[in-house]
Amino acid sequence: ESLGVVEIIVKFVRLSAGGPLLGLVFGIAMAYWMKRIYDDSVMERSLTFFTTYFVFYLAEGTDLHVSGILAIVALGLYMSAWGKTSIDVASEEIVHNFWNILGYMAETIVFLLSGVIIGETVLAEEIKLEDWGKLMLLFFLLLLVRGVVILLMYPLFVKSVYGFTWQQAFILVYGGLRGAVGLALALIIYGETDINKDVRFLSLFLMAGIASLTLLINATTTGFFIEKLGLAKSSRVQEDLLKQVCKTVYDETIKSINELKRNKFLRFADWEKVYELSGLKNFMKKVLLRTSTGKQMKKNFKNRTEEALLEEYLEQTARKNIVEMENEMRHRYLTTLKGLYWHEYEKGQCGARTALVLIESADVALDQESCKMQNWEYLEKVLVSGWIIKFFKKTKNLPLIGRLFTLFLYNRLAYSYDIASTFLACHSYAQETLSEVIEEESQEALQAIMTEAEDQVQMCRDFVTDNVTEIFSEINRDIQTKKATYAVLNRQLCVVNEFSKHGLIDEKEYKLMTENIIKFIYKLQRKSMFSTMPSLEEILPKIAFFDSLPEKDLQEIIVNSKKTLIQPGEFLFRAGEKAEGVFIILRGKAVEFNEAGFSYQHEVGSIVGVHNLLAYVEVNLTSSKAETLLYSAFLSKENFPNFEENDNAYEKLWRITAPNLVKLNPKSFSLFLNTLDYDRLCQFIELCELGRYELGAVVDISSGGFLMKGTIEQVQDSRNKLRKQTAVERVKTDKKRTDQQLSRTKFESLCFVEPDQKGLFISLSDPAIILHLSSELYQEWRTKKQSLVSAVDTVLYRRQSTIRIKNPKDARNLAAISKGRRSAFMVPEEEHLNRGATQNYSKRLKNLEDTSLKRARSSKPQLEESKEPSSEEFDLSFPSESVNSDN
């Protein structure tokens, strides 16, 4: 078949790209299927075998006409990189051994079959002398082609993290062996009857000849070249590791022999013969000759016996500088970590993707073992930074894409926590393990590496604290719950296996019990470890005034809400911009502030920018910024109902917004209000009662209060006269007096109206909103003649005062308290009763009562005093052994 240039290019692309693509697709499908198989090695072996050969058949034997070999290679690479965790841990070794046997048998058959066919063709004199010349020419031509390819890639290899030398390039060119794969392809051509017979014979002959030459020449001489080029030389770190392993093997062998000598059943054994048959001498000799130190020792001490050389080699400590020792210790630490990551996966203490990413981080660190450890920096970049986060920031406000990426980022955070928790656990195990086995002379280097590791661990802890523990605590809970459940189920399986081994249960009972446990393990493995997003439906009805909204209005607000994740440092809104709504913090922390210095920390369940819900507020009065990763719900102002139609919700809204408005307008209020902190101001406003006055309504402001909205003005008419006038008449009368410039008191929002204002006022706004001081607070201030702050403290203290008695010993005291003849009180923590005390109960009760009464009657109670009582209720009960029965 003759092909043009275009047809050749198309065919090349189809074969080279179509094959890998097909293998990748089937690799993903097979991994997905295998994840749903648990503890069934027969099914897993069958699936891998069937998929491999089916992919090859599909590529070569159908109309796809793509490369079957490249499809198999792509399938294998995918399974090696990402699919190996889909194989059940219990079946992993069985599947591995199955393919080792299968591969060995397949190679044997291919070589045997090729040899038989080649032998027949040679004996039949179908291979001519010139074909042998072509074979030798092809051998050198393949080396030349391989050299050109390596030369073209040389600049790229040199700049890689691994580095590249001309010695390595030479071995890469010279060491290219051709074997089973090439022979298999040649046999396929040989079996095609449509191809010319001479071409078929020649293809198989040339492939078999190249395989033979590379095995006879290249394979036998490559070791020589590696040795001469210095590529076989072990690094100082590797030699030290090998020496330590050999020393451990040697010491354990001698220790084992000495222990066995004390065994009375082995007292007639020939221990010299045991030492000789154990192969220790030969083993150490081979190891010694592999290292440059061992070779140098044998060269310098030719007259010494092998035993003496071995002893000196094992006991000698090479003089290493601190850098070499640290590199060696770092290598040990990272290889230990790598093994622990996989061990955690096998125990079910981390996810499959988690194990692969952690192992990759250890591999990256091992490639740079001369540098300080930066494995957590690598992991953090992989997890929560890069182009994904940048893309999320740009698209998060889009209706559909933004919601999807919010969900993605939240799940990414759960995945990050799984990685972080496994990272911390394995680092802890590695530090404990190495501290126990490292020799004395290496302790200084070990301590330096431990310090590096601890820095990485601390960075990981900070990440968990900032992004998970304090913000998304349910992620922590769910993943740890899954890990604990897996450990419990594995323990159950071990117990059942032990009973079966000892014959305490028969095969039928064993199968029944294990199937039940395995069923739960399978469900647990399939269960996503990612928590669900925090539910606005659960949180919103518990926040502030939302509990007063009708269910219909609440659902409309929830449906129209926009949930989003906001990165630390991002603004939720800025002062001066249009007030569009409020943010409900579901997870994380934010700060609200203005240019005047007001700032307030918002946490879970807090409403950011609550004053934006007031009808007259058109622009943001404050700015708000995320302090941590913030998961919030934006509630548009347009979706809220008219609060004026719901008295309960309207009053709660003003109680919540009033402290913000007071703090945002310090010049409008007196000094004593500005000095109150935010929490105490909220307590003050809780002692006020909301008044809403339409235009012209009569206002009694004698008790004082906060004028939050509108204007009120004093009138000279009596109450009875005002009652007879309509609201419109009152406003007209007030306007005439204003025109006559009569002196009257007038208040405009925002301001605080001091108590005991003379006369009556009318509202000049529609409406005027006033938070009046409650009658209780006003009476306290008036009768005690104390400051308003002190009056607030006293009223709050009185409202909070309570007592609870558990198992009272004196029924009369209990009755007196319940009837109000004894004061109810709370005591500070330092005055809690000692349960072992034997003081008289009645005397102690009276002393505490007197203390409480003194505080309540104090003329000027301070802020600190109001905070002294513990929030924990006081327990007056005594243990029975410390109180007499007649008390």
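Placed from the backbone N, Cα and C atoms, the Cβ positions cover glycine too.
According to TrEMBL, the domain 'Cyclic nucleotide-binding' annotation covers 545-590.
What TrEMBL records for 830-887 is region 'Disordered'.
Among the features that TrEMBL reports, transmembrane segment is placed at 12-33 (among others).
Counting only same-chain residues 6+ beyond the ends of the transmembrane segment (54-81), those with a CB under 8 A from a CB of the stretch are 14-16, 18-24, 26-28, 30-31, 181, 185, 188, 356. Under the heading transmembrane segment, TrEMBL lists 54-81 (among others).
Outside the transmembrane segment (101-123) by six or more residues, the chain places 49, 179-180, 183-184, 186-187, 190, 201, 204-205, 207-208, 211 with a CB less than 8 A from a CB of the stretch. According to TrEMBL, the transmembrane segment annotation covers 101-123 (among others).
Within the chain, the transmembrane segment (135-157) has long-range Cβ neighbours (under 8 A, six or more residues past its boundaries) at 164, 169, 172-174, 176, 178, 205-206, 209-210, 213-214. Taken from TrEMBL, the feature transmembrane segment applies to 135-157 (among others).
Taken from TrEMBL, the feature transmembrane segment applies to 169-190 (among others). Residues 60, 69, 106-107, 110-111, 113-114, 117, 142-143, 146-147, 150-151, 154, 157, 199-201, 203-204, 206-208, 210-211, 214-215, 218-219, 222, 225-226, 229, 231 of the same chain lie 6+ residues outside the transmembrane segment (169-190) yet bring a C-beta within less than 8 angstroms of a C-beta in it.
According to TrEMBL, the feature transmembrane segment maps to 202-226 (among others).
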Tell me, roughly as an integer, the mean pLDDT over the domain 'Cyclic nucleotide-binding' (545-590). 87
Below 8 angstroms Cβ to Cβ, which residues of this chain, lying six or more residues outside the transmembrane segment (12-33), approach it? 47-48, 51, 54-55, 58-59, 64-79, 82-83, 86
DSSP-derived helix, strand and coil totals, residue by residue, for the domain 'Cyclic nucleotide-binding' (545-590): 13 helix, 17 strand, 16 coil
